[in-house]
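Trainee: Here's a structure for you.
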Amino acid sequence: MCREKIRRLLPPVISSFLCFVFVVVKPLSNLGGRYAFLCYTSLLLFCFPGGTIGGQLEATLLGILFAASGLAWAIVTLAIAAYCGRTYGADGPEARTVLGLGLAILAFISGFIRSYTPRLTLASRIGLFFPVFLFTSEQAITRVTSRMFLEQFYTALFAAAFGLVPILLLGHRSSGPALGEAIIGTVTSVYDLLPIALAAFRDGEENASTPPGWDNSDLPDRHSTRSRHDVLAKTLKSHTGQISPLLKSYSNEIIHARLPSTQLRPIIAALKAVSRNPLLGSSSQTPGERVQAALLRARQHSFSRPTSSMDRQSRGSSTPLHIDGQFAVELDKRSGAAPFSLQSDTSVPKPDPRLVDRSTELSGWICAVLTLTGDRIAGVWCWTNPLSAVTSPDPSAPVHLNRSIGAFEIDLEVALDSGEGISTTLGDSRIGTTNRTHGESESFRLAFHMVTLLDLGRDVLKLHDVVARVTEAAPVQKRWYVPYLHRWIRSRADAQPVDVLDHSDIAVEQTAPVAAGEACAPGPTEGLDFVQAALRREHHAQLESKGRLQTLRLLWRSLWDCHTILLGKFPQSSIMRRTLMLLVRITVSRFLHSSRHSRHSRFAFKLSLGISLLALPAFLPPGTPGRIYFRDFRGSWILASYLSVLEVHTGAIFRVGCFRIVGTFVGALAAYIFVLIARDNPYALVTLATAFSIPVSYIILFTTFQGAGTVAGITLPPLLFLNYLGLSPGRDAFFLAWTRFVDIAIGIVAAVLVGCVVWPNHARVRYFSAVYTTIERLTAYHLQLSRDNLRSTLLYQPDQKIYATLDRSARRDIAWARTLVAVQRNELSLLPRPIRLYGEVLDAAEKTLNILVEIRLLRFSVPRKEVVLDVLPLRRQFVSAVLNNLWACGQAFKSRSPLPQFLPSPRVALDELTQAVDVPLTEGRRRTTSTRQAGPSRSRSPSQSDLGKGGNGSKQELSMLYAMAEYEALGELCDLIDELVAAARILFGTQTFLDTAMEQPYID
């Protein structure tokens, strides 16, 4: 670890030494002129060498490009100001106005770029940093010279070069090895986790196979197995979470490999589908500590209600109510035992021994295919596969896995032998009001467990097919691949992931299915002739268009049509003229509305406003006290401090500001001491400054308060080299250190005030908005899933893509919300925040999305007539209950308002649905059993013909098993909705109108 830190510290220390040498060597410092001391400042702010070679190349190119662009804008503005100075007099109000206006416009552009594309944060800062010194020091300009551009450009150019050279020699070559560790680590985690997850299927704990590296002596009881299951599940989640940012970084690099990074995307998509299997999740499905506290609190509140009022609500009521706290009775069941396979206090009912053997065989071939898949991936991208050292890859493993899946499908019918019905198992396991055995209550969980194992085998086969298709097309020789700029420009930096999309980006069809015989509502084009229908469709397409290019195209076409009409080409069409003018006004109104409410425009305005106000003394008439103060105290550093401290999030400004004030004091104190020691000796100056750069680089690289180290390094060079460069002759060192500390402190305080007063952007508010967007995506996903399920046919191909879109958007929103939670964790706040509860809400939302995906897969195999079409009203009632709860939670997070006191209970609706479905499914099972017993005796082992048919003989039994698994998944969905409701009630409270805890007399 110490050697790794030293290796990472060497590039910034070497770069710092080169920057200080650039300042003291006269031929080099003459290139930078009076701005030569800004070389080290530029290195710290814009191109600090702390990453990979690709990242440093990107920072170097962007820094030089934006520095040149900002200086070019400054030169153009100075040329206009020089013309005004020659025409109206030097240092006149016209020239000062031009300079101030040019600075404000450049600040607005820089702020907008920084907010719109966080990847360009450093580049946008450097584009404003250097022009600030030109705008505030050339008020009396009458002529533009090349020196004004070249001095600062050379300083930025040498700073970028000094940051690039050491990283080329000592830095990481690429993020490819780290990406390989994450991908292969995911495959390895699945390989290690599967045997432990299947431990409940074994005859005994001692017979459970263990992954490589575990000793059987280390498995004394089920608690140890469950803890290791949780450790491996967390490791799998960690590896999976690292893949996306590493792939994004790898895609933006110039790579030398057999295949480009784009070929990894389908592999990673298939691998994530494998890792999301419920069988590989955490064995402990207990809610988080804060959600548990919310459930217990609600349960205690529910216990204080009168018994009579509780008895009035029957479980089979047609209008069930979700009373505040009623869902808390499930906590003991869920916290006392794991819901899937690893139970601590009770024993899972063991399936048929042949099914145990089949599951063992299936898991073995899944591991073999994973080994083969990981070996192929590692072979093409030159990574290391640790599984190859454990077992040699078997090329025939996919064929055996396919046969094992077919055999497992046939033998799954034995899973139904231990249960009699759906209502007696699922309903009792959920509500706990009927006497039953533990084996009956676990039948549904057993079915869900076996179905997920079967799905895991299919997902692994799909992963192998994708890897085989990609790797077979790989050339033998390595090639150079250049990234695509159109993908890079909108990608976010690693520190700030993808932003939340607007709710209107995904249009979800809101039409519900209608029963037979009901008349559908007429559509927007029904009842119209062909021409009118075409015009109406075109009109709706224009109104629903959300793309920027499409909006600009429509705006231009409207303006051009209006232009031709106003010119008189169609003087007779007054109606058309009014219509087009109305469209133009509507378009302009929408543009102005979006501009006013855009957070990018607001941040740009805050940056421009602060820069303009702080630079106002520089543009006052000559001889005024403000102008004299700004000149003597070098007020340009106030602007530089302001633009570097102002952050997008208001809470982050407090934290950054406090750290930067401390760093400013430390840097000014160190500079004062170093000047007293070194005087004007260049060797001593370089030595002391380089020694000071070591702790500065360490703080930036290995601590969470990087701002303190950055501003300390920024404060040092101007104070240390001003007298040596002859820029402040005769000035006392203490006076220089004090004035610099005051300047930077003023900029920090100004950034804090502007960030808190002018359109504050709190991470907490944006977190609630992100959670609302996530719940809205979940609601749309469940709505589309229910709409497709309640149709009379499964042919709904036009709506297939919406699932992938909603899934991708929901996961992106969850990732962005987690980033906002991390921001809040580092913010300074007067009031304590439930940060852990915020994280648990996101965990529940992510689990809800995963269970919805699993429900969608299960519904492809359920018997639709018995479990869907025959109980359609009850299905709709359950869907309505789920949607009402999700919608209420979403609105609570959106408006930060209390929830209603009463909500419809999806659990009661599910129980009613289960009771209605139990009878036909039980009769179907008995008919299938009697038919099997009356037919010719056959072996329980599947024949080759059965394997060739893929288990067609047990299709009916499998459909019943899938129905049981679906109801188990729906029960888990109810649990997760309860968690979301409980968390929302704790965060925002309950809008009560009926005191259910009021004392009432006992009525017999």
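Cβ coordinates are placed from backbone N, Cα and C, and glycine is handled just like the others.
Per TrEMBL, the feature compositional bias 'Polar residues' maps to 301-320, 930-946. Among the features that TrEMBL reports, domain 'Integral membrane bound transporter' is placed at 632-754. Summarising the annotation, TrEMBL assigns region 'Disordered' to 301-321, 921-953. TrEMBL lists 6-25, 37-55, 61-85, 97-116, 153-170, 658-677, 708-727, 733-759 with the feature transmembrane segment.
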Trainee: With CB pairs under 8 Å as the measure, which of the listed stretches 6-25, 61-85, 153-170, 708-727, 733-759 comes out on top against the transmembrane segment (97-116)?
Mentor: 61-85
Trainee: Most CB pairs under 8 Å with the transmembrane segment (708-727): which of 37-55, 61-85, 153-170, 658-677, 733-759?
Mentor: 658-677
Trainee: Which of 6-25, 153-170, 658-677 shares the most C-beta pairs under 8 angstroms with the transmembrane segment (37-55)?
Mentor: 153-170
Trainee: Could you tell me what the rest of the chain brings near the transmembrane segment (61-85), counting residues at least six beyond its ends with Cβ under 8 Å?
Mentor: 42, 46-47, 91-92, 94-96, 98-99, 102-103, 106, 110, 120, 122-124, 126-131, 134-135, 138, 140-144, 148-149, 152-153, 156-157, 159-160
Trainee: Using DSSP, tally how many residues of the domain 'Integral membrane bound transporter' (632-754) sit in helix, strand and coil.
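Mentor: Grouping H, G, I as helix and E, B as strand yields 103 helix, 0 strand, 20 coil.
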